[in-house]
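Q: So Swiss-Prot says this about it:
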| type | residues | note |
| --- | --- | --- |
| BINDING | 81, 112 | anthranilate 1 binding site |
| BINDING | 81, 84-85, 89, 91-94, 109-117, 121 | 5-phospho-alpha-D-ribose 1-diphosphate binding site |
| BINDING | 93, 227 | Mg(2+) 1 binding site |
| BINDING | 167 | anthranilate 2 binding site |
| BINDING | 226, 227 | Mg(2+) 2 binding site |
């Protein structure tokens, strides 16, 4: 009996797969050894049962093993979200990543084009003039030169070609929506992860711990955003050296007023790129800038660049005021172009 057949029989009776079995099945999928109908049945079986931690861990390990690797001498972090919140906001985590890198924390952002929104990370960066399709060597050079780089998921996970059309035809979230933020080829040990549903916060914190992540904050806005939100409170799962605790973040505790979700709305990649650049340049203040600051602050805090959330918020603000966040965009733009010239 093949791995996929054994897995399907297990899923048929609503039992969880071990991480070893999930890894074997994903290895077979990534090697092109599983038929489209079997892949579809497998994804449906996992989704119907709800993916277990063991299944996510095993699948993530297989995906990372099949990814192009990028060796790095830097201790870089990732700021990433699952997407799928259908909110239509501007590219919050992408904007925050420039603030974080500008504050001196190297960032390796791993992302893709939009799936359920108008503008994914790759779309926005491309509209900002950043060259997104880099080889591992080029991405490493950009990180060394700019303190920040971008790994285009489509390029670094070539084996995903075996599931792309199936995912589109199914039309619902699958385990791959969850795996995206977990499969950065650099295996960062520090992360800020946005999650589209509260029920995944603690399970994904456990997954990250199993994958070797040491410090992470997983966030889900109570308004549904897979970001730290400014419209209401944000639910958190905080991972620190294998220990996980839940918390709630309220921006009102830090002097911010709640805003409407409409005030955070973005648009096309070009429109979102303009929003990001204007926030970094200080031309946009208010709800959008404050939301980017809050997300950057939690990233700076978990990266131990600031000793408290208050100090992290102040550092994020200073990075905008003194121009280093905007300079970070310029550095990423010029460095990514230079290595591909």
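Glycine too: its Cβ is placed from the backbone N, Cα and C atoms.
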Q: Whole-number Å only: compute the distance from the Cα of residue 167 (anthranilate 2 binding site) to the Cα of residue 89 (5-phospho-alpha-D-ribose 1-diphosphate binding site).
A: 24
Q: DSSP secondary structure for residue 93 (5-phospho-alpha-D-ribose 1-diphosphate binding site), reduced to helix/strand/coil, please.
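A: In three-state terms, residue 93 (5-phospho-alpha-D-ribose 1-diphosphate binding site) counts as helix.
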Q: Highest CB neighbour count within 10 A among the binding-site residues 89, 93, 112?
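A: Highest number of other Cβ atoms within 10 Å: 93.
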Q: Between the Cα atoms of residue 93 (5-phospho-alpha-D-ribose 1-diphosphate binding site) and residue 81 (anthranilate 1 binding site), find the distance and write it as a whole number of Å.
A: 8
Q: List the residues of the same chain that sit at least 6 positions away from residue 81 (anthranilate 1 binding site) in sequence and have their Cβ under 8 Å from its Cβ, in sequence order, or write 'none'.
A: 93, 181, 193, 194, 195, 196, 226, 227
Q: Reduced to three states, what secondary structure does DSSP give residue 112 (anthranilate 1 binding site)?
A: coil
Q: Taking every protein chain shown into account, which of the binding-site residues 110, 113 has the largest tally of Cβ atoms within 10 Å of its Cβ?
A: 110
Q: What three-state secondary structure does DSSP assign to residue 81 (anthranilate 1 binding site)?
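A: Looking at the DSSP assignment, residue 81 (anthranilate 1 binding site) belongs to a strand.
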Q: Taking just the CA atoms, what is the gap between residue 112 (anthranilate 1 binding site) and residue 89 (5-phospho-alpha-D-ribose 1-diphosphate binding site) in Å?
A: 16
Q: Among the binding-site residues 226, 227, which residue has the fewest other Cβ atoms within 10 Å of its own Cβ?
A: 226
